[in-house]
Amino acid sequence: MTVKLPRIGTAQILALAAILAINGFVSPQFFDIRLQDGRLFGSLIDVLNRGAPVAILSLGMVLVIAMRGIDLSVGAVMAICGAIAASLADDHSLVVTLAAALGAGLACGLWNGFLVAVLGIQPIVATLILMVAGRGIAQLITEGRIVTFTDPGLAFLGGGSVLGVPTPVVIALAMLALTLIVVRGTALGLMIEATGGNPRASALAGIGTRLITLAVYMWSGLCAAIAGVVAAADILGADANNAGLWLELDAILAVVIGGTSLFGGRFSVVLAVVGALIIQAMNTGILLSGFPPEMNLVVKAVVVLVVLLAQSPRLASLGLIFSRRRS
Amino acid sequence: MAAPHADQPSAAAGSARPASGAPLLELTGFSKSFGPFTALDAVSLTLRAGEIHALLGENGAGKSTLIKTMTGVVQRDAGVMRLEGVPVMPRSAGEATAAGLATVYQEVNLAPNLTVAQNLFLGRQPTFLGIVREREMRRRARAVLADFDLDIDVSAPLESYSVAIRHIVAIARAVDQSARVLILDEPTASLDAHEVEVLFAVMRKLAARGIGIIFVTHFLDQVYAICDRITVLRNGRLAGTGTIAEMPRMTLVRTMLGRELAEATAERHERADLSAAPELVRLEGFGKAGYVAPFDLTLRRGAVVGLAGLLGSGRTETARLVFGAERADSGSATLDGRPVALTGPREALTLGFGYCPEERKTEGIVADLTVRENIVLALQARRGVLKPLSRAEQDEIAKRFIRLLDIRPPDPERPIGLLSGGNQQKALLARWLATQPRLLILDEPTRGIDVGAHAEIIALIRTLCAEGMALLVVSSELEEIVTYADEVIVLRDRAHVASLTGAAITVPAILAAIAEDGEATANAA
Amino acid sequence: MTPASSSVSRLVPVAATTVVFLLGFLICALTFPNFASLRVVMNLLTDNAFLGIVAVGMTFVIISGGIDLSVGSVIGFSTIFLALAIERWGIPPFAAFALLLVICALFGAAMGAAIEFFALPPFIVTLAGMFLARGTAFLLSTDSIPITADLYGHLSDHAIRLSGGARLTVPAMAMLAVVAAGMVLLHLTRFGANVYALGGSRQSAGLMGISVGRTTVLIYTLSSVLAGLSGIVFSLYTSSGYSLSGVGVELDAIAAVVIGGTLLSGGYGFVFGTFVGVLIQGLIQTYINFDGTLSSWWAKIATGLLLFGFIGFQQFTLHMARRPRRRATTGSAAANAAGAAS
Ligand SMILES: Nc1ncnc2c1ncn2[C@@H]1O[C@H](COP(=O)(O)OP(=O)(O)OP(=O)(O)O)[C@@H](O)[C@H]1O
Ligand SMILES: [Mg+2]
């Protein structure tokens, strides 16, 4: 049994600040923001904009992980929903397009939740099924081609802006707010933390753990669908092969960097989003620094380890010993 | 308290052994803080060779922490330990064993997924060219367990056995490590009278061989039955130490509590007139194939029904069926005369049932969550997701129950996993009391609970009962059951075999019903 | 009565998997006329040799309660490293193999140490390891480099010929050897028992005096070494090195282990089950190849569906097997208690 005291997100915020500072160092224009055609531009805005899909994914993933689960299928679900949105956009109204895409996401989540909550399959394998098959389904929808669209309504979701802020950022913020309301404005957060912490005890305390599991996977599916639509809208098309590829790992990473344990229990929605921003800031930084792109993964590995070590309870207790020695 | 010891003259056991001699193990100035909280404050203890030394104290007094700082599982802040005059400082359980300190920790420290034999010899299996000699290991395992009067299949996984057997295996493992000091942290909490006897026989044998034994228990009778000397901790400090002759029962209790014990425990309460008490729940032909044979059970407002029987006789199973944690496959249930379906904990909760399970760690607490969150959990589950308790309401409920049940430390924001076992138990009780249940099912509510809290919980059971709640209590402590039960149902081999009411509820009568053969007494359901 | 029922019950998942494999094979044999041949079986072994080898390492990791996401990248690193070492740096193949395995061992040990000493979750540490190994592979070279050393030619020609044109190839032999060695190590040694103990409860294992740190480091070392070995086999199989090889293999390995009846939460499982899990995955691929009419996306969907079919059936078998089991264990518990008390 590991018992952790709740921590506040100092480590994460510091890490983000440090990475942004380094970015500012390697690329002096990093913090420049300018207003052009009623939309904000600049590297910092870029971090937010590019980070939006993973941030949205992490909103669903954080709840799944808090329930001791994991959702490997979100990348594939992004591809499916992006493909649906792109293929419907030009012939149907935006409402129908979105309803179909988000509905597909919810259905995917329902499927995952069914496998986990009702059939009792271990989450990693249960969602692996959709991870494998989902990309096939997405390719089936696009018939293996890259489907493009021109509908301005859908395009707005990727490339537009609201009061100067890029739409993906606005959508991510809205989803963050919605998630917070759903989770902390009701008792759902407590129930998720209890179920993730000790499923048997929670079920005996009368919590409907099955229903919550279903709901949480559906939420993750919905988030993946939104992320998929945003990603498709951004490139004005759907690429079933590459949309959302390996983003499930980024989303999981964001959640863990945000301090949520993979063993379930305590979680923080906001810090998961901070985690997503850390990852994106890092990616953008490497791009700006002019390192060869081959360096990307190595730098990413190092940064991830450093951020994790900064949060390590063991390291914290070492620090405590030192500070006590000194005093 | 297990009956056989109740009438034993104190100190009979100890005097036979050479209790004096040079100190075998000496602890001085043991201190340990967890953050701002001081769990141990300059504690010292001296253990002599061939001595059985009781380490006593209330829940949270620091007994387990003292043991863990001795063996290096928890790093101490200060303190010196000498084994036969030589300072030793193990840094892990492994090093402690190597140094000669074998320990059974309070949380039974075994691997449930391994076989009994593997558990006994993990880390020191007999090998030939690196390959474990399975047959030799099993042979030795059977030999080791034979000392404990236990003849089980040692190649079966440990988890297929009852908690009691797991405990014995853990003890056997420690005993077999040819240590000079044996430390047992509440080994008897889940053992029945016979198993306790067997354990004591082994302990006496080891002590006669010159091994020093530190023994933690909350059963005072056991202390006087087997120990030579006593060390008492209170709030992390040394509260007293001496031979059992120097510390008779009342002195001991006073030393542990730092005050007099309100002797509420001993007297028996007025038994309710069962026929007059209004009926709350009636179960007929209730049962589940392969789990518990069908039984009839009536639970009345303001009455306590006790379930007695050996471990594995079907007591816990009955409790789980009533709560719906396990679904019955036969029989019918009525609540207030109306038929109801007991299909699961959620339904039970809406019907106003509460259930404190026996396995606190795995089925009770959510270790990472705070005491407050653990207390409000069931109430919140009943209100549903959409009606969250406000933080102020949660604080109020948590504070109220922390005060009412004297949960220590009285900090609602502490993760419950950091509380001592007894205080976790109280918080679980609080969880259900907060839902104001009409029927409360308690499975071993006083297990691992100190004398003070023990009396408080029994008093609480009576108060709840007087307020009109129906209670169903599973307990291995017959003497405790007879003080509060209005009806005692005796189980054997997963069937209800007898029901005692009124003046018939006595310890000998219950024992007789437990022991009797199949064709026995009344009400065979 | 306990012993038999309860030690048999832990074999149920493996037995279920084996039954599922045999049924699957039967279905394939009935669907495709020339499927049921020694040759198909031998090809199944050869084609999945690299997966089988990493999956054995993954079994140790998962039974101990961990996970290793880095293995696919380690394979990629290994192939490109070997290609460069042999072709560009002129290191003799066997020396290159040895050097590679040492590097992998150090890499695994470092991950194990990070998990143990900083109390970090294995998923994330090995995810970082995955980035690191793949990133290093990219740094070495992003080209696909053919390996032309004589040894490679010899090794791929060398095979035990069986009847009907079937060949037991070097990769297949390597996998069978690793499976056998893995079974011995996991089921018959002290180290193996420690691996299970760690998966049962890390805390208890520590309290029982097991050196949790040492065991953890060894487990991840083993996994990485086997991933390196798998990389060697992969480079033999393809006679080339490419930094992108082995992408996603970690997921296949995890799936094989889990299909083989090992619980992801640790503590239970068998190497043999993993072996069958690998064969099942190979069977799915073979089926799709034999069919030949499936477009690449239908192939993916079919893989997912078959995966679901296998897991669903296994779940069903377990469910059915558990019913009588409960009766057996509860009954025996009562007997035990009674026995102990008498
Ligand atoms: N890791 C920890 N962090 C913080 N507090 C702790 C920790 N471990 C123990 N404590 C606290 O130290 C005190 C002593 O606990 P300990 O487990 O030693 O009590 P105990 O005497 O064994 O009680 P019991 O009879 O209930 O087992 C308790 O108040 C407990 O909350
Ligand atoms: Mg204790």
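In case you wondered, yes, glycine gets a Cβ from its N, Cα and C as well.
Unlike curated records, TrEMBL annotations are generated automatically.
Just so it is clear, the model here is predicted, and its values are computed rather than measured.
Residues 259-262, 268-270, 272-273, 276-277, 279-280, 283-284, 286-287, 290, 310, 313-314, 317-318, 321-322, 325 of the same chain, all 6+ positions outside the transmembrane segment (C:12-32), place their C-beta atoms under 8 angstroms from a C-beta of that stretch. Taken from TrEMBL, the feature transmembrane segment covers C:12-32 (among others).
What TrEMBL records for C:44-63 (among others) is transmembrane segment.
TrEMBL lists C:94-115 (among others) with the feature transmembrane segment.
If you look up TrEMBL, you'll see C:121-140 (among others) marked as transmembrane segment.
For the transmembrane segment (C:168-188), same-chain residues at least 6 beyond its ends with a Cβ under 8 Å from one of its own Cβ atoms are 42, 45-46, 48-50, 52-53, 56-57, 59-60, 63, 155-156, 158-162, 195, 226, 229, 233, 236-237, 270-272, 275. Residues or ranges marked as transmembrane segment by TrEMBL: C:168-188 (among others).
Annotation comment: TrEMBL describes C:217-239 (among others) as transmembrane segment.
Tertiary neighbourhood of the transmembrane segment (C:251-284): same-chain residues 10-14, 16-18, 20-21, 24-25, 28, 44, 47-48, 51-52, 54-56, 58-59, 62-67, 71-72, 179, 182-183, 186-187, 196, 198-200, 302-303, 306-307, 310-311, 314, selected by CB-CB distance under 8 Å and a gap of 6+ residues from either end. What TrEMBL lists as transmembrane segment is C:251-284 (among others).
Packing against the transmembrane segment (C:296-318) from elsewhere in the chain are residues 12-13, 16-17, 19-20, 24, 255, 258-259, 261, 280, 284-285, 287-288: each is 6 or more residues past its ends and has a CB under 8 Å from a CB in it. Among the features that TrEMBL reports, transmembrane segment is placed at C:296-318 (among others).
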Contact set, same chain, for the transmembrane segment (C:217-239): CB under 8 Å, 6 or more residues outside the stretch: 46, 49-51, 53-54, 56-58, 60-61, 64, 66, 68, 70-71, 74-79, 81-83, 97, 100-101, 103-105, 107-109, 111-113, 115-116, 126, 146-148, 152, 155-156, 170-171, 174-175, 178, 191, 195, 198, 245-246, 249
